[in-house]
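Annotated features in TrEMBL:
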| type | residues | note |
| --- | --- | --- |
| TRANSMEM | A:12-38 | transmembrane segment |
| TRANSMEM | A:58-74 | transmembrane segment |
| TRANSMEM | A:95-119 | transmembrane segment |
| TRANSMEM | A:131-149 | transmembrane segment |
| TRANSMEM | A:161-183 | transmembrane segment |
| TRANSMEM | A:189-207 | transmembrane segment |
| TRANSMEM | A:219-238 | transmembrane segment |
Amino acid sequence: MKQLPVVFKRELGSYFATPLAYVFMVIFLVLAGVFTFYLGSFYERGQADLTAFFSFHPWLYLFLVPAIAMRLWAEERKSGSIELLMTLPITRAEAVLGKFVAAWVFAGLTLLLTFPMVITVNYLGEPDNGAIVTGYIGSWLLAGGYLAIGSCMSALAKNQVIAFILAVTMCFVFIVSGFPMLLDSLSGWAPQALVDAIASLSFLTRFEAISKGVIDLRDLLYFVTLIAAWLAATAIVIDLKKAD
Amino acid sequence: MIEIRNLTKRFAQHTAVDDLSFRIQQGEVLGFLGPNGAGKSTTMKMLTGFLAPTSGTASILGFDIQKDTLKAQQQIGYLPEGAPCYGDMRVRGFLEFIAEVRGFRGAERKRRVEQAVAQVELEKVLDQSIETLSKGFKRRVGLAQAILHDPRVLILDEPTDGLDPNQKHQVRKLISSIAADKIVIISTHILEEVTAICSRAVVIGSGKLLADGTPLELEARSRYHQAVTLVGEGLDESALSALNGVAGIERNEREHSLTVLAQPGAVIYPQVGELIASRGWAVSELNVERGRLDEVFRTLTRGEVV
C-alpha cells in the first residue's frame, strides 16, 4: 500500500483541476439547504436537531455521488491512461483504493462545508451534538457505499454518462430494498429469511439507525463490507475490461 | 536480459500473439516490426504487465512478468501506443506524479523531473495542461515519463508515429543517446527508423515470428540486395542481362533508370562496371543497393493481413 498516497494525491488533485469540483460543491450545498428548509420543514418542526437535514441525504446522494464516481475509471479507459496507470509499479488494490479514497475524501470535504447547519441549530437551541456527529459519520459512510458502487459501474462503462446512469440505478436498488412497498409485496409469498435479507441490504435502514445517534457495530460492519465488496468487484471488472 | 518464452495471447475471436519466443540482450535496440494487427502492441502490453498472457511467459531482467509483476514494472519505462496521459494535469504535475510513483521524493524528485524535462526539451510547456499541447509535445511528455527513472528496459510503442520529420529525428537522437547499456524495444511502421537506430529487427505477422536479424541481414534478403541501378544513355539491356550473376533487369520509367538485379549471393558491380567501360556508355548515376527493407517486409508479411 506504499503507492496508495501517491494515487490518492493525484486523484484528489484532479478533482480540483477543473471548475467541476467547485460547481459540484455549490450544487450540493444549495440542494442540501433547499431540502432541509423547504422539504424538511426545519423551522416548522421546532426541534433542535438535524433530522430534517440528514434524512434527505440518501436521495441527494443518489444523483450527486454517482456524479463524483463516474469519472473514476471510465475516463481512464476512454483516454487510454489506464494502460499507463496499470503498467506503473502500482498494484491493482492501490489503484482502486487510492482512487476510491480520493473520491470519498472529496465527498467528505463537501459534507463538512455544511457546517453552517450545525452552527444554526446550536444558535437556535440546544441540540444533541453527539447525535449530529454520528449523523455526519453515517452520512459519510453512506456516501462511501454509493461511491464504491459508482466506482464499479465506472469500471464497467467506458462512457461516463452510462457509468452515471448505471450507478444511479444500482444505488436506487440498494435504497428501495428497505422500502415497505417492496418488502410488503415480497412478504406475501417469499420466505421471511429472504425478505429480511433484502431488507438488511438497504442503505436506508442502516443510515437511519446511525443518524439517530446510535452507532451499532453491525451497521458499521455493513458499510465496511459493502464498500469492500464493491471495491473488490471494481478490481475484477478492471482486469476483465481494461483491454477493451 | 528479456526472455520471451512461448508467449501466447488469445482473444475471443483470434490469436493475437502466437507462441512467440526470443531473447533480448543488454545493449540491444530491437526494432519490432509487423503490419497493423500483427500483435506488436499486444506483445508489449504483456511485457509491461498490462495484459496477462493466455499461455507462456516472459521475464524482464529475471523478474517474471506474471509472478513478479511489480518488480518487472520497476525495471521498465513504457510509452504506450498514442502516448496516453492525464490530459487535465499540467506537465510538471504529471511528471512529479510519475516521479513519486517511481519512489523519488523531495530534492531527488525535483532533479529527476528536471533531467527528464531537459532530455526531451519540455521546458517551454511545463505549466501547460497536457490536453492543450500539440501532438509532438504530448509524445515528448510520454517519453519523459518513460525515461524519468532511467530504466534499464525501455519499451516504446510507435514513439515517432504522427510526428513531423524534425520531431522524428529528435526522438531518434534521444533514443540513440540513452540506449547504451539498456534494452530498448521499439515498435514501428517506419522502416528507415529501423536502419537508423536499431541493432536488431524482429518481424512478426499474425502473432508469429517471421524474421529476426540485424537490419543489414534483413536487407540482404531483398531481391534488390547488391542490385546496381544505372541512369545513362544508350544502355544495352540484353548485354547487361547476359552478364555473369545477373538475375534480371527492371526498368524504372519515371526515373529513366535501369536496375540490374543480382542472383542471391552474387556480386555484380565489377562486371557491370567493366561493361560500361568497354562499351563507353555515358552513365550519369550508378548505385549499388544494400537491399530494400520495405520490400523484404512486404515479402515476409504478404498475405498475413487481409
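Each Cβ is built from the backbone N, Cα and C atoms, and glycine gets one as well.
In this chain, the transmembrane segment (A:161-183) does not touch the transmembrane segment (A:95-119); fewer than three CB pairs sit within less than 8 A of each other, excluding pairs fewer than 6 residues apart. Distant neighbours of the transmembrane segment (A:131-149): 49-50, 53-54, 57-58, 61-62, 65-66, 68-69, 100, 103-104, 107-108, 111, 118, 121, 167, 170-171, 174, 203, 206-207, 209-215, 220, 223, 226-231, 234; these residues of the same chain sit at least 6 beyond its ends, with a Cβ under 8 Å from one of its Cβ atoms. Long-range Cβ contacts of the transmembrane segment (A:161-183) within its own chain (Cβ-Cβ under 8 Å, at least 6 residues beyond either end) map to 58-59, 61-63, 65-67, 69-71, 73-74, 145-146, 149-150, 153-154, 195, 198-199, 201-205. Proximity of distant same-chain residues to the transmembrane segment (A:189-207), defined by a Cβ-Cβ separation under 8 Å and at least 6 residues beyond the stretch ends, is recorded for 57-58, 138-139, 141-142, 145-146, 171, 174-179, 182-183, 219, 222-223.
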